[in-house]
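Q: Annotation source TrEMBL lists zinc finger at 33-105. Annotated domain 'UBR-type' per TrEMBL: 33-105, in sequence order. Summarising the annotation, TrEMBL assigns region 'Disordered' to 196-255. What TrEMBL lists as compositional bias 'Basic and acidic residues' is 204-235.
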Amino acid sequence: MAANKEEPDIDDSLASEEELEQALAVLAGSDPENCSYSRGYVKRQAVFACSTCTPNAAEPAGVCLACANKCHEGHDIFELYTKRNFRCDCGNGKFGEFKCQLILAKDEQNDRNQYNHNFNGCYCTCDRPYPDDQSNDEMIQCIICEDWLHSMHLGCTTVEPDELQEMICETCMNKFPLLWTYAAHFAAPPVISVSQPEEEVEVDVEKGAEKEESSPSRDEEPSTSVEHTKQEEAANRSSPCKRSHEEMTGSTAHATTKTVVCRLEELQAEGPEGQRQGAVFWPYSWRSQLCTCMSCKKLYVAAEVQFLMDQSDTILAYENKGMDEPFGQHPLMALTNSMDRVQQLEVIYGFNEFTTSMTAFLEQCVAEGKTVTVEAVHQFFEELRAKKKRRTNAGNQ
């Protein structure tokens, strides 16, 4: 039974904390102080749209994190998550008389920027806004077109939310059909149209299993991340490219005469691809399975998906880098750099004590079903100051 939403719930608090951490991970990889325009077309960054300055849907524009904070404060802006190879539009020709406060001189437009209906506040194949009162369905981003789609509009079954990995929508799969070959060997469970009758789905899966039974590079129907890993390991063991590497390391003379083999052609020769329908979910390591021979590289460039060869292009890599090496410096660390060791320890101790006390205070409010009021917060800080004063006085005696 659903909990009473009018009462505070510890699960809701934990969910909010997770959402905050996710938001921080997205923003941590972008510079909050300096406009990214001077860096050109940034590999990946957080991007925002301002409907106050660019309300015309025919002229979509995006601004970087620093400009959203400093140039568009108080405006009606909305987050677009991250965008690939994007250059900040703030203050260019799309903004009329409005000028960027961080970099005054900018080109009239950024010709290499890619825009979609997300910049107008619409998403998915249904072209609905987010959040949408008509649908509480989860939205998932395609790693190629970077649009967000409702799970019910993906045209396939989906795994549990905590198992979602990289997704490529059906439209993008069809724009670069060679991906269907890789999907047959390295993707998550076979994609099945949700519009098919249940009987047909079962028949299709069974037939697919029979066809692939002889293939050493696929499991019948992986359903967990562990099975996905086993599937990839089996693919590596059966791959001629893997054998070539082992032969090269074992015999240099033999390696020098070995002809470079296109892995894509080998996969195509192994058997049928299966049905080409619905979005495809991939494990995070799948990009390492892509063939990078010269012929395949040309295909990626021609289809404008060369970023798939880049392991650091993933959202996960972007978030991890942002958390490990954030732009600028954490205010607490910047403060302690100018202090001696004793002062540093005092500040860090005080910060940790404050964090612990605040967490305990909020958890107590949740447990007792109390609303966190301004008065309660003021009282909390007064008690914290009194505690600090007592500790200080005791140390001076």
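Positions of Cβ are set from backbone N, Cα and C atoms, glycine also.
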Q: Over the domain 'UBR-type' (33-105), what is the model's average pLDDT?
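A: Mean per-residue confidence for the domain 'UBR-type' (33-105): 94 out of 100.
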Q: How many helix, strand and coil residues does the domain 'UBR-type' (33-105) contain under DSSP?
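A: Tallied per class, the domain 'UBR-type' (33-105) gives 13 helix, 21 strand, 39 coil.
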